[in-house]
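Database features, via TrEMBL:
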type    : residues                                       : note
BINDING : G155, Q156, T157, G158, T159, G160, K161, T162 : ATP binding site
COILED  : 436-500                                        : coiled coil
COILED  : 549-618                                        : coiled coil
DOMAIN  : 70-420                                         : domain 'Kinesin motor'
REGION  : 1-67                                           : region 'Disordered'
REPEAT  : 668-710                                        : repeat 'ARM'
REPEAT  : 709-752                                        : repeat 'ARM'
Amino acid sequence: MASGSYRNGGPKLSAKLDRQHSAVYSTPKASAKSRPPATPATASGLRRSGAGNPASTPAGNKGDAGVPGRVRVAVRLRPRNAEELVADADFADCVELQPELKRLKLRKNNWDSETYEFDEVLTEFASQKRVYEVVAKPVVESVLEGYNGTVMAYGQTGTGKTFTLGMLGEEDSAARGIMVRAMEDILADISADTDSVSVSYLQLYMETVQDLLVPGNDNIAIVEDPKTGDVSLPGATIVEIRDQRSFVELLRLGEAHRFAANTKLNTESSRSHAILMVTYKVHVKRSVKGRHDAEPGLPTENGNASRLVSSLRPPIVRKSKLVVVDLAGSERIDKSGSEGHTLEEAKSINLSLSALGKCINALAENSPHVPFRDSKLTRLLRDSFGGTARTSLVVTIGPSPRHRGETASTIMFGQRAMKVENMVKLKEEFDYKSLCRRLDIEIDKLIAANERQQKDFEDEVERIREEAQSRIAEAERNYMNSLENERSKYQKDYMESIKTLEKKWRMNQQISSNDKTTVEHDQCLEKTCNIEGSTASKSEEIAGVRQLLQNERLLQESTEEEVNDLKGQVLHWKNLEAAASAEIIKLRKLQDNEANQKQKLEEEITILKGQLVQLSIETDETRSRFDRGGSGKIVTGLDSLMSQARHSQIRDSGNGPKASIAKLFEQVGLQKILSLLESEDADIRIHAVKVVANLAAEEANQEKIVEAGGLTSLLMLLKSSEDETVHRVAAGAIANLAMNETNQELIMDQGGISLLSMTAADAEDPQTLRMVAGAVANLCGNDKLQTRLRVEGGIKALLGMVRCGHPDVLAQVARGIANFAKCESRASIQGNKVGKSLLIEDGALPWIVKNANNEAAPIRRHIELALCHLAQHEVNAKDMISEGALWELVRISRDCSREDIRTLARRILTSSPTFQSELRRLRIEY
């Protein structure tokens, strides 16, 4: 570079601003008096930027509607440097600060000056700590709560922007800048286990985005989401931060790579815009009542698999971003002495700052076109001005009268920036990637458990089979052995018996042969006796043989009985084997059924994964389309199911192939959706009531919901539930149903106004109060319900909700009062006998008069209309005069922006005798 050089991160930063030591100031609260009045340009400016910043929160999340937040601007005066102390010694400073009044006077000359008001005015003695606390700390706290935030420094070169933002404070800790102090607060708040902080450090040099952490990455493309308009830098280096030391090292590295040059106005002038992006990601812990009682989950046709998946609800993650922008200083070429390449750098800096100024002018003046695409700087800061981020701007000025023109230009830039109002939104979303990881883990666990069970089952079956076979083999061996032993024993005993008989028989034969040789001359009597004795002995021997045979038969019978017993045992073991085989077949069938169920579960989980990804995309698209609702019909945040149905319905109006809302009824069924309103699981109940609320937003569905008992269920939720989200969404659904006159009478008959009044009395959330006020406001538009509304506390409930002070709530209250007054006026015009207005009797008139000239256009328009309707009935005139309403009627007849209301006010003032008499008494010509 001819004129530029890289920073080396040394103490040369101190040359940009002489440090002044002073006591540390406490953080002041911003006073409402110091804020400039809001202009009608704010609302349209927000709508222009809303398309580029869709709600990223999940269904039912808080903050879908956003909270208005004006850009806060602080001015900081640099003390005189050494050159100015000499050159301007005879001249007074061109600015005079009044920090206690938050004012700054810019001197034109010795006798004339101009006064400007800012959110904060910081003198040259303000410490770095005080600057951080009043400028950046509120933004950092918002980032920790889940909102995007931007802190930016703007001013002439050499006025201390880099000192204010990027001072590292290594030598003097009191000199630490906003970047270092902001990271200290962020790291002190995070949980190391679940939260993460990542950093990108970039510079915009000569209209090219360059990475200060990786100098070779010197042409990073800016990518814009065609659907949401969000801007991202996918090519930038992202470093996760765990401690303050590593962050300071990154800042030192980035500062060393940033372009700087020596000019007449600053010895080390920044030649690029430095952008520090800090992404803060935190997981939100949800407290769910009755989770174990309602563990079966949503009843579906798929049974246990759907109940398992329903218990795996996606976690919620808040992903906010802090952007700290150190703009290069604006400069005049004749004063800075830039030439050559430094001159080209100055031209590029001035062009980008000029483009930023044009965008802020367009937002402040409610221009129909904001030229964000004229410069890469304005594209990167699109969310900071007119977007969803909470933005704080510090403008730095010098005291030298020689640079009064540059100082005046910087002050006017800050004044215009104060007119820009952002719609700050909570950056909450479902962590679908984490849910997918959890599903993968659950699938792996189920598969592993199934495989273990299958292996254990197979091992058990094999063990039983082997044991049965071993027992059968052992029984057969025992049977054969026993049989063989008995056979051998019986055969041996039989052979021995035969041998014994043969031996005895031979002995008997020998004895018989010896007896024949005896003397024949023995007497007959002796012979007879011998024969009888021999016969007796033989009979005894035969009896002994018979006894042996009888014993053998008994042994044979006992052996046969034992054989039969063994056969019975063998048959028993065979039966056991058959039973075991049947059990094995049954277990195999169970195994096949489990395998089929496992396959169905895997298919269903795959389908659910695809639906989760598709629903997340369609939810973002649908929320961006329905981000803004009208005053009469209140639409709550979409949940995942209704997001798909509503998005499909929109595309069905063209040529899209997806199912309409009628197909949702066919596939899911209204009765099933309404039955979930009574679920014990708080998450299921919240999702169900959101689906009903979004269905109620369509007139075609309202009759079906009422006929199916949806209105009764919604009113019961208001009565029985203690959940603030359920109250908010149920009240929104009732407000949508209350757009129909028939439904209005049903709501009143079922005690709806009393339930809405109790809900309003207990609620603190502005969005819940807005829904309740919208429902009551719709009921106030029915001529037949006027007296009942008053008796059952409807008017008191409306007036009680003004305690919130939120503009959206006040707008709904004003609309309800205008509807009520219009019905009373219509009854009076039709000739019905009407007494004093019920609104006046319930004490609404003082609030009406107080807010008749409210800064918010919707509130003012409804109040002006209500005053005109009340004034049409002559009996109300005296009360209106005593409360000061006459002056407001005169103002309305002259200054109201709507011609029809101005004409109505003039006609009332000229036709009412009471008003005419009072005007004459006050000597007001009309």
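Just so it is clear, glycine is given a Cβ too, placed from its N, Cα and C backbone atoms.
Where TrEMBL records a feature, it is marked here on the structure.
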residue	record	Cβ within 10 Å
G155	ATP binding site	27
Q156	ATP binding site	27
T157	ATP binding site	26
G158	ATP binding site	29
T159	ATP binding site	30
G160	ATP binding site	26
K161	ATP binding site	29
T162	ATP binding site	28
### Message
Limited to the coiled coil (436-500), I'd like the whole-number average of pLDDT.
### Response
88
### Query
Per DSSP, what is the residue tally for the repeat 'ARM' (709-752) in helix, strand and coil?
35 helix, 0 strand, 9 coil
